[in-house]
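K.L.:
Sharing the record's features from TrEMBL:
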- 1-27: signal peptide (SIGNAL)
- 24-128: domain 'Ig-like' (DOMAIN)
- 152-239: domain 'Ig-like' (DOMAIN)
- 243-335: domain 'Ig-like' (DOMAIN)
- 339-430: domain 'Ig-like' (DOMAIN)
- 435-523: domain 'Ig-like' (DOMAIN)
- 528-624: domain 'Fibronectin type-III' (DOMAIN)
- 656-747: domain 'Fibronectin type-III' (DOMAIN)
- 752-775: transmembrane segment (TRANSMEM)
Amino acid sequence: MGWRAVQPPHIAAGLLLLLLVNLPVTCHQDHQDAVHITAILGESVVFNCQVDFPEDIPVPYVLQWEKKVGETGQDIPIYIWYESYPTHSGEGYENRVSKVAPDSPYGAASLNLTNIRESDQGWYECKVVFLNRSPNAHKNGTWFHLDVHAPPRFSITPEDIIYVNLGDAIILNCQAEGTPTPEILWYKDANPVEPSGTVGIFNDGTELRISNIRHEDIGDYTCIARNGEGQVSHTARVIIAGGAVITMPPTNQTKLEGEKVQFSCEAKALPGNVTVKWFREGAPVAEVAALETRVTIRRDGALVINPVAADDSGQYLCEVSNGIGDPQSASAYLNVEYPAKVTFTPTVQYLPFRLAGVVQCYIKANPPLQYVTWTKDKRLLEPYQTKDIVIMNNGSLLFTRVNQNHQGRYTCTPYNAQGTQGSSGPMEVLVRKPPVFTVEPEPLYQRKVGESVEMHCEAQEAEGTQRPSVTWRRRDGLPLQKSRVRALGGNITIDTLRRQDFGIYQCVASNEVATIVADTQLVIEGTQPHAPYNVSGTATEFQVTLRWQPGYAGGPDYKQDYTIWYREAGFSEWTKVPVTPSGATFVTINRLQPGTTYEFQVNSKNTIGEGMMSKAITIRTLDVGAKPKAAPTPAGPVDEKIFQNAPEGSGPKSGPPRNLTVTEVHNGFLITWQAPLERAALVQYYTIKYRTDAQWKTLNRGQIRPEETSYLVKNLVGGRTYYFRVLANSATSYESSEEVKFPVPARVKHKAITAGVVGGILFFIVAIILSVCAVKICNKRKRRKQEKGEHDFVPAAACPPP
């Protein structure tokens, strides 16, 4: 051991390594006698190597462990030990290799290898070199082969959820590592995958391929990797991708103003990244300024408005989407109730002296308005007991004939089922004289096509009121052609007249007190006829009878003839049938198919040419053996006799006329109503029905045009109670307003009786005077003839005897 004393440790180690390279191994064993060891990945193993000393006498030795690596089998030292010197560990073996302890049951040259890796597999050789001794035959080393077994572990797996569409093709890739090499197995819904024309397993089982995905291919696919050390599995779910579906839609809700409302909107989707959007009346709720500080969209999609306001009533729509397919939507209505309230209080309102006028109460109410109370000069006003004052359906006061006593300070208080939010502020109602026309247009202007017409109109204000503005309009609502209309003051001139200029024109004078209107009719001569209107028809199995009202003929010297155009609904070819005799306004079309819907139009012509077509109507012929359908029943209980003169059939109809009122005016009784809210364009004319007992009768003699919503009746009998309804007639059907009860004041009856008595007395007096005069004349004639000796015959009935 003196060598170790004279050499520095690091120099001695270097010399030792050099020595080891040149020294022969004292003991060697063939691979055939190698020891085979199997270890598990991550565990530890001991290579048992004995040291046989010469003559069993311990001597210094160097321990060297080598591993054969590479294709050439190169020996790489992984561990070198010499007593009292630092050990050497090969690359990759640091802190994993060590010599066993002296008291270990293993041989003195044994090597402990920890934390085994798959790369540790291979051949190892134990070498023992005795220092200062010649080689001998003692066996001081051995060969080992290490097999490292590793359980399977995945290196590549498919995604947990795979969204597909029917007909798609997909590849599920599943790769695993381990020793021995793992085997890959595929299962679908716990059953082994059976290859088919569209399903196959490729690349040593690592790929499952599905082409043209069908419903039966949807499910859970499990990849299993296994070897002798264990197995691992991974499941991928193949799902048909689908758009979002609303599972809990919002529902209509009614809330009181100030409460909180929540609309649900839950949805499911694959994939489940659902986006929920909310809209109010078509606008995103986030962009509605009135909702900005009160609206919240929760994470579960619910819409919350807290608190709700009166103006929040409306349609709310939720829209859900996950990017697949079209968004789905559902809507609900929010009805916000609140006590009736006055929304605006004008400080001054005007009533026109000796005309009808209205004092407005601007009201907002939900539920609808029930009634309004009024005060005048701080005293409760009872309109039902006051002459010339009526509370209208909207709560406003109608004065049928204004006088100075109606001037004063008024307030209104509205009520509904929720109560009231209070009275209006005081409104000063002033009675002033209305404007008057100083120049009115002529009742009728007749011009020919291409000519011009000048219509005059002037109005003057009453003392203490503003000068009225004078404008012109068409009663049918059509706009004036500005390019051909010149206005100067209250006068207008229309140049280059055309057929469409035909109509009723109104001069309108208006100021703060009243609006007055003067009508005139402009007739354009020398044109093609206007379109027929009010076309209606009745059907049997094989024929349809049409009736219509003639449009303007084009002038007094023109006669109209008509042609019927009809076709089966949905077909493009029209059939033309001339109407005979000439000028007739009804015709029967024969040889039609039963149970078939037809379209009809009426065209007119005169000597100038063809006019415009009427509006098209559809009529269905009856099925064979079917009976004509009874007329539909209008809203409300009505005696069926009311419909005797109404159009028959079950075709499209308008909504009911609204707000029917009857008021007494100075020259009779004014019946007014409002056009229907729904499908008002279908109204072709109105009919007024009335009764005093069970028998309904028609009040108006001619048809009331759709643009007219009032009718004046003069001959109601005082002391009787009348019931009125207004029918809105379409081409084939009708709708009725609500029934209105109107008791005629008894004083009207007294006026009638007084007028009758006075008339009878006057008639009696006149009869007596005439009789006396006749007797005197006859006596005078007799005396004259007697004096002349003439004896002419005089009938006794002409001159009674004296």
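Glycine too: its Cβ is placed from the backbone N, Cα and C atoms.
Small disclaimer: the values here were computed from a predicted structure and weren't measured.
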K.L.:
Please list, for the domain 'Ig-like' (24-128), how many residues fall into helix, strand and coil according to DSSP.
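P.N.:
When I sort the residues of the domain 'Ig-like' (24-128) into the three classes, I find 9 helix, 42 strand, 54 coil.
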K.L.:
Please determine whether the domain 'Fibronectin type-III' (656-747) and the domain 'Ig-like' (243-335) are in contact (criterion: at least three Cβ-Cβ distances under 8 Å, sequence separation 6 or more).
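P.N.:
No, the stretches stay apart by this measure.
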K.L.:
Could you break down the residues of the domain 'Ig-like' (435-523) into DSSP helix, strand and coil, giving a count for each?
P.N.:
3 helix, 46 strand, 40 coil
K.L.:
So, by DSSP, how many helix, strand and coil residues make up the domain 'Ig-like' (339-430)?
P.N.:
6 helix, 49 strand, 37 coil
K.L.:
Give, as a single whole number between 0 and 100, the mean pLDDT over the domain 'Ig-like' (24-128).
P.N.:
83
